[in-house]
Amino acid sequence: MKLIIGLGNPGKEYSGNRHNVGFQCLSRFAKENHISFDKKCCLSRTGSGRINDEEIVLAKPQTYMNLSGKAVNQLLRRYNLKAADIIVVQDDLDLPAGKLRLRLGGSAGGHNGVSSIITDIGTKEFIRLKIGIGKPDARNNGAEVVDHVLGNFGGEEREIIETAIARAAEALACLITSGLDTASNRFNC
């Protein structure tokens, strides 16, 4: 079984934010695979299904980004899974808008949602699918970063991200069916 967690903030006011591309990707993946987020469990909205022979659970934590680890920890215990069984879909400021990167482990890279997961589950050894949202500009400071990640995509950037979300959903399917090495070779830009 694989547990796929999309990171984001709950609520309609956040739905189009850069910080919510994890939720957006999971919604697309769920739709393409006929999975509904029809359950509330472990501080998350969840849905389950199968990809080939692999059972999967999709989860969107409803704790707000900075407390995502609480939901992930509960989900791991509920389904009796280990960190090696999870895939976290997240936004990444350090990647240009629309770029994808799959990797196992590593630091949180300043991402508070990932930091919360690492703290609450006690390891950084889980797969991440990062979707680039770009930096606000070369002069960024804390306030500009917050405004950027909580801002919505505009115009041309929205088109780039729509394409990236579609590719990220493909990357998830490849990751589940063919493994990290194959998916990384195919989708890391």
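Using the three backbone atoms N, Cα and C, a Cβ is placed for every residue, glycine included.
All protein chains considered, the CB of H19 (active site, proton acceptor) has 23 other CB atoms within 10 Å. What Swiss-Prot lists as active site, proton acceptor is H19, and the listing cites sequence analysis.
A C-beta separation below 8 Å, combined with a sequence spacing of at least six in one chain, links Y64 (tRNA binding site) to N9, P10. Taken residue by residue with DSSP, Y64 (tRNA binding site) is part of neither helix nor strand, so it is coil. Look at Swiss-Prot and you will find Y14, Y64, N66, N112 tagged as tRNA binding site.
Other Cβ atoms within 10 Å of the Cβ of N9 (site 'Discriminates between blocked and unblocked aminoacyl-tRNA') number 23 in total over all chains. N9 (site 'Discriminates between blocked and unblocked aminoacyl-tRNA') falls within neither a helix nor a strand when secondary structure is assigned with DSSP, and so counts as coil. Summarising the annotation, Swiss-Prot assigns site 'Discriminates between blocked and unblocked aminoacyl-tRNA' to N9 and lists sequence analysis as the type of evidence.
D91 (site 'Stabilizes the basic form of H active site to accept a proton') counts 27 other C-beta atoms within 10 Å of its own C-beta, drawing on all protein chains shown. What Swiss-Prot records for D91 is site 'Stabilizes the basic form of H active site to accept a proton', and it gives sequence analysis as the kind of evidence.
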Cα-Cα separation of D91 (site 'Stabilizes the basic form of H active site to accept a proton') and N66 (tRNA binding site), in Å? 13
Other than Y14, Y64, N66, N112, which residues of the same chain sit close to tRNA? List them in sequence order, counting a residue when its Cβ is within 8 Å of the Cβ centroid of the site. N9, H19, T63, M65, L67, S68, G113
Pick out which of the binding-site residues N66, N112 has the most other Cβ atoms within 10 Å of its own Cβ. N112
Could you list the residues of the same chain, at least six apart in sequence, whose Cβ is under 8 A from the Cβ of Y14 (tRNA binding site)? G8, N20, L150
